[in-house]
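See below for the structure under consideration.
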């Protein structure tokens, strides 16, 4: 009887689906899918992956421990996951035209941390972009590890153009002699001059690290200059504009740096890689090598320009007066609004974005004077210029309504939400 019970139990273990095993978690997943279906996603760091990428992540590869690298694992039974990881690496090398790639970092932050572990010592000076100017926490912000372990100096933007102040970068580099200069960020709407950054880095003998997390898809599609010829090392996430699973990656053309990076990722910073996620990365890189991906990225940029233009026509102040990329920053001060209030109002109307600091912002990070908007997810869904024109008008309606009636903007929000849901019903996800 006991053996029979165990056999039945095992049969259930391998065959019972999530809804039957854990209704609470399944309900949360179903609710999130419903939210994604019914809301317009404008968070610039989010995107929508293909069904194939999701399927790759939900496979038996989640069972496999594979510490080390292909051909040099600390566990047996890795011959098949070795092949998957090698596919991911080969596709990434082809996509970005570089010599060496590490696809094991669990996130962009882990990738950045691994580079610093490989090339720096605690107490070394780093020069990165300040958060309020458009940088990222991992580029030397005080609350982050990079701001605690290193002497972090921050550059910003020109007060007139609100674009990267390369003169300031050079002046700070000459003054502080950083061991590493970091280019890239989380809210930069204009093209980055990587050649100029390398010129400055060479002048002071610094490593140049480029964090291309937000623009990796644009670079892969040839719609933004590549940092590969200029940077000593490049990091990225694999989601955002690359439209892959949530994860990180490190690239370089230099063999000596590659060896240090590999040692820093494992065993320096991580243990076993997430092989199911690496499988998803491989699938996404394969998708990005297809001609359709170039069309997709062109549409992302075109949609961003359309959205920025509509918002400007509605009286919004767009930082740098437009965008070259997938994202834009909206300065809400002329409308008398705060970023957190605008984010909440737009979400009530079915449009998700994030509050965001703007250059020289005096508000706290949980308040802010702006919002950040991006077009990757909407474009993945199938929205084109016409849809983004309408979305821009809806955003204008909500912001104007909030400015006129900050205590109760419910009528405007309710009306916009109804229209948003009608639009979303025409572009369903995962049907």
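For all residues, glycine too, the Cβ spot is worked out from N, Cα and C.
The following features are taken from Swiss-Prot:
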BINDING   131, 135, 136, 137  (6S)-5,6,7,8-tetrahydrofolate binding site
MOD_RES   240  N6-(pyridoxal phosphate)lysine
SITE      239  site 'Plays an important role in substrate specificity'
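Features per Swiss-Prot, on structure.
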| residue | record | Cβ within 10 Å |
| --- | --- | --- |
| 131 | (6S)-5,6,7,8-tetrahydrofolate binding site | 24 |
| 135 | (6S)-5,6,7,8-tetrahydrofolate binding site | 24 |
| 136 | (6S)-5,6,7,8-tetrahydrofolate binding site | 24 |
| 137 | (6S)-5,6,7,8-tetrahydrofolate binding site | 16 |
| 239 | site 'Plays an important role in substrate specificity' | 27 |
| 240 | N6-(pyridoxal phosphate)lysine | 28 |
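Across the structure, residue 239 (site 'Plays an important role in substrate specificity') and residue 136 ((6S)-5,6,7,8-tetrahydrofolate binding site) place their CA atoms 16 angstrom apart. Annotated (6S)-5,6,7,8-tetrahydrofolate site 131, 135, 136, 137; additional same-chain residues within 8 Å of its Cβ mean position, judged by their own Cβ, are 128, 129, 130, 134, 138, 139, 140, 141, 144, 185, 186. Of the recorded residues, residue 135 ((6S)-5,6,7,8-tetrahydrofolate binding site) and the residue listed as 'N6-(pyridoxal phosphate)lysine' place their C-alpha atoms 16 Å from one another. When the C-alpha distances from residue 240 (N6-(pyridoxal phosphate)lysine) to the binding-site residues 131, 136, 137 are tabulated, the minimum falls on 136.
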